[in-house]
């Protein structure tokens, strides 16, 4: 958060945008959408060794309580409408993190008739995390990239 100035009486001046974006980055509540083996690495990121909670993230079971969806694994044609429905139930502002080669572009099953070649064909994706499966460190790096993207956006002031 950029602080523009500190006055004599202990007041801090900054913009409203930077305060709102700081609060958003410190309280991302992801909803897990684990479809395959990448979901296991997502569970590792939530466990004690990597502790995704230190970034202010709290896994939520309901789309109405979350603002980040982590799509982890192979997205089949039959599951695509459910993914879109869950995405539409999330409140604004909402972000999507695509985790793994299968979610990014179909992965190993790219040429299968039943696989969607990337979840970005169904929902808009903000951050792509590569790997098969990506490690928990890669997921944490993707979360940090998303936080930096949120800090760069204008919430109130339009450019």
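Each position is counted from 1, following the chain as shown.
Cβ coordinates are placed from backbone N, Cα and C, and glycine is handled just like the others.
DSSP assigns residue 132 ([4Fe-4S] cluster binding site) to coil in the three-state reduction, outside any helix or strand. Counting Cβ atoms from all protein chains shown, residue 132 ([4Fe-4S] cluster binding site) has 12 others lying within 10 Å of its own Cβ. Under the heading [4Fe-4S] cluster binding site, Swiss-Prot lists 37, 38, 102, 132.
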Cβ-Cβ neighbours of residue 38 ([4Fe-4S] cluster binding site) (radius 10 Å): 27
Spatial neighbours of residue 102 ([4Fe-4S] cluster binding site) that are distant in sequence (at least 6 apart) but have CB under 8 A: 35, 36, 38, 73, 74, 75, 108, 109, 115, 132
Other same-chain residues whose Cβ falls within 8 Å of the Cβ centroid of 37, 38, 102, 132, the recorded [4Fe-4S] cluster site, in sequence order: 36, 72, 73, 74, 99, 100, 101, 103, 107, 131, 133, 134
Coarse DSSP state, helix versus strand versus coil, of residue 102 ([4Fe-4S] cluster binding site): helix
